[in-house]
C-alpha cells in the first residue's frame with residue numbers, strides 16, 4: 001500500500017513543530033504499508049482516549065496532500081470516510097467516558113499526558129460558545145480532546161451532542177484532509193510544506209492564545225477598578 005521510498009524519497013522530508021517522533025510525516029512513514037489504518041487510529045486515539053499530544057490538523061493535512069501526490073495508493077473518498085468515522089466515534093467514546101466517570105476524571109494532578117490548564121481552556125470555550133464548542137474545539141489542540149469529555153460530565157443532551165459531533169467531524173476530519181488534498185497539488189505548497197504545517201499549528205492554537213489573553217486582560221481590568229479597602233482607623 002505504502003512504501004518508505006515512495007513516501008520519503010532521498011533528500012526530501014516533511015517537518016512540523018514538536019518532537020520528531022510526533023511529526024505527521026514521521027508517524028505516517030512509521031506505519032509503512034498500514035498507513036491508512038495508522039492514520040485513522042491516531043485520529044481516534046487523540047479524540048477518544050485522552051491523548052491530546054498526538055498530531056491532528058497536521059496529520060490530516062499531510063495525509064490529504066500525500067494522496068493528492070499519489071504517494072499513497074488508497075483513494076481520497078476512502079480516507080475521508082474513515083477519518084470521519086474515526087473523528088465521530090472518538091468524540092462519542094470521550095462523551096461516554098465523561099458521562100460515566102464524572103468530574104473525578106479531571107480531579108487529578110498534572111502529568112505528562114494531563115494538564116489542568118487544558119481543562120481550564122476547555123471550560124472557557126464552553127462558557128463562551130456553549131454547545132458549539134464541540135464543533136469549534138475540533139480545530140484547537142488539546143481542547144478538542146477534552147471538550148467531549150466535559151460535555152459528558154455536564155450532561156449535555158445526547159441528541160444535541162451527536163448533532164454537533166457530526167458537523168464537527170465533517171468540518172475537521174474531512175475538511176482539513178480535503179484542504180491538504182487540493183492545496184497539495186500546487187508546487188508552492190509541496191516545496192514549502194514545512195512552513196505550511198507550522199502555520200497550521202500556529203493557526204490552530206491561536207484561539208487558545210486569544211482566550212488566555214482576554215482572560216488576562218479581564219483580570220487586570222477587574223483588579224484596576226476594584227476599590228481598595230483602607231483599614232479602619234483605630235479609635
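Glycine residues also receive a Cβ, built from the backbone N, Cα and C atoms like all the rest.
Straight from TrEMBL, the features:
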TRANSMEM  31-54  transmembrane segment
DOMAIN    54-181  domain 'VTT'
TRANSMEM  74-98  transmembrane segment
TRANSMEM  161-183  transmembrane segment
TRANSMEM  195-213  transmembrane segment
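Outside the transmembrane segment (161-183) by six or more residues, the chain places 43, 56-57, 60-65, 67-68, 76, 79-80, 83-84, 86-88, 91-92, 95, 131-132, 134-139, 144, 148, 151-152, 189, 196 with a CB less than 8 A from a CB of the stretch.
Break the domain 'VTT' (54-181) down by DSSP state and the numbers are 102 helix, 0 strand, 26 coil.
Mean pLDDT for the domain 'VTT' (54-181) in this predicted model: 85.
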